[in-house]
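Enquirer: Just dropping this structure here.
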């Protein structure tokens with residue numbers, strides 16, 4: 001494993017536009033766009049290119065709680081306290097289709113890696129899976145006994161993991177629709193969960209101020225971190241699988257080195273709780289949001305060289321992100337001054353990661369066009385339904401008039 005770069009993570013940009021706490025953030029596939037949702041009921045799509053105008057999407061009637069770009073980046077899903085999910089085309093027009101997904105607040109939405117389906121989680125205690133095309137309901141997973149805060153597909157799309165206020169994390173088999181295992185080690189509500197990029201581990205954050213990592217094959221608790229002094233609201237794996245970033249109500253972000261089981265950085269930027277955080281698809285950037293209404297974009301800087309090598313050399317799918325093969329077992333208590341604390345540092349220009357693109361770009365373009373066509377068809381179907389309803393109403397009115405005028 002190459003030695004990490006000497007530079008610390010640095011604050012690259014920050015976006016102001018929301019009028020209430022930011023609840024969620026997500027990067028498009030090539031980090032050209034960053035979406036954020038807020039308690040102000042709006043969805044913002046920010047452009048990473050300087051001097052570009054942001055898009056403000058309105059449509060939800062209550063707080064936006066979750067956002068996720070489709071794998072191609074041509075669709076953007078959002079969930080809300082208004083119990084609906086919206087699928088947006090993230091361009092200047094901001095067209096969207098909306099459907100009532102749950103009987104209570106939608107807390108989480110996440111696309112499968114093939115883009116053909118997405119999963120939602122809700123305060124109605126259920127996890128639901130939908131087809132992206134026409135937003136058709138497929139099936140429901142309903143063994144949680146309290147609000148479900150988060151649900152994610154595994155990288156291969158075969159498993160789903162969910163986190164709940166019933167203090168459990170549940171692992172589901174998508175094919176059989178059965179609960180494979182329940183992880184019960186959290187001492188409070190579980191706020192967030194996600195899969196390791198290899199698909200062999202999951203990490204969960206909780207109101208008990210902890211982060212826990214389990215092996216999904218053996219269901220063994222591998223790592224336990226108690227680094228924050230308040231609830232951990234969100235987390236995200238670096239694409240290399242070697243690092244994990246967390247966001248907490250103690251106002252800090254923390255970056256963990258999973259291979260060494262240690263705290264690398266504590267980042268101070270938000271005034272008040274840090275509510276959300278995510279790495280970009282390449283790991284070059286990460287974004288955070290907070291109750292201070294701000295969206296911040298940070299440049300990772302650490303381990304860029306090593307990640308470049310990881311991206312170029314294919315790994316067997318069953319192994320974790322380094323030659324170690326498995327994450328070490330760690331029980332990490334509250335640190336006393338360990339790890340580096342970073343306020344904000346000017347970043348140096350750096351060459352972006354390059355990867356072979358020919359076939360990937362062609363497939364992305366095809367999938368993207370299909371996404372847009374699907375969205376257009378859905379919009380037209382909605383308009384046709386409205387037109388049909390109006391025509392029926394007109395005919396009914398005419399029939400009533402004729403009946404009244406007939407002696």
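Backbone N, Cα and C define each Cβ position, glycine as well.
Sharing the features that TrEMBL gives for it:
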REPEAT    15-56  repeat 'WD'
REPEAT    57-88  repeat 'WD'
REPEAT    99-140  repeat 'WD'
REPEAT    141-182  repeat 'WD'
REPEAT    183-224  repeat 'WD'
REPEAT    225-266  repeat 'WD'
REPEAT    267-299  repeat 'WD'
REGION    318-355  region 'Disordered'
COMPBIAS  343-355  compositional bias 'Polar residues'
Enquirer: Cβ pairs under 8 Å with the repeat 'WD' (15-56): which stretch of 141-182, 183-224, 267-299 has the most?
Expert: 267-299
Enquirer: Using a Cβ cut-off of under 8 Å, list the residues of the same chain at least 6 residues beyond the repeat 'WD' (267-299) that approach it.
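Expert: Hits for the repeat 'WD' (267-299): 9-27, 29-31, 34, 36, 38, 44, 46, 48, 230, 233-240, 245-255, 307, 311, 341-344, 347, 350, 352-353.
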Enquirer: Using DSSP, how many residues in the repeat 'WD' (267-299) fall into helix, strand and coil?
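Expert: Per DSSP, the residues of the repeat 'WD' (267-299) fall into 0 helix, 20 strand, 13 coil.
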